[in-house]
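These features come from Swiss-Prot:
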REGION    1-64  region 'Domain I'
REGION    65-143  region 'Domain II'
REGION    144-156  region 'Flexible linker'
REGION    157-205  region 'Domain III'
Amino acid sequence: MIGRLRGLLVEKQAPEVLIETGGVGYEVQMPLTSFYELPELNQEAVIYTHFVVREDAQLLYGFITKQERALFRLLIKTNGVGPKLALTILSGMTAGEFVKCVEHDDIATLVKLPGVGKKTAERLLVEMRDKLKSLMEASHGNEREFVLQSNYTPAPVVNTAEEDAISALLALGYKPAQASKAVSSVFEEGMDSETLIKASLKSML
């Protein structure tokens, strides 16, 4: 199993990255909360990974912290939640925000995420409550460990910011009409693609 990668960040297009180590390039899918914590291209990156083997593919999912990876692993053990939906959940909200949703039985926020209907949200609240309690105890009850503090610095603005943002939202499972509407509603002149993606996601929660 591949549990950790340290290498050169060669490609970076939300929600996927390519990290080269030992002459091998690893394609990794990441939740946007972790994606925003990555360094600039051609710099060294260190991520914790979860390796999934399917009949038709072998996939790597990456995270900046062990805590977020631990939450991802708990999510995919929930009935009806696979890696893709777990990634979408952790892209739409931070790990800390998800913990608060479970603590407060906040179905209304969860159902705003693509792929999460009322039944799935209810199942998440029920099944994750005890699992999160164990996870928090393992972290000494410190919820701050689940909240990523971003040191993100906007990249130079490019003309394709809106296109990049829409593509990222589509990759997360949003419908074309939803993605276009969300991006258009928050777009301001001078926004780079990553800032636009974050603002678009926030507008839909």
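Just so it is clear, glycine is given a Cβ too, placed from its N, Cα and C backbone atoms.
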Mean of the pLDDT scores, which run from 0 to 100, over the region 'Domain I' (1-64): 92
The region 'Domain I' (1-64): DSSP-derived helix, strand, coil residue counts: 4 helix, 38 strand, 22 coil
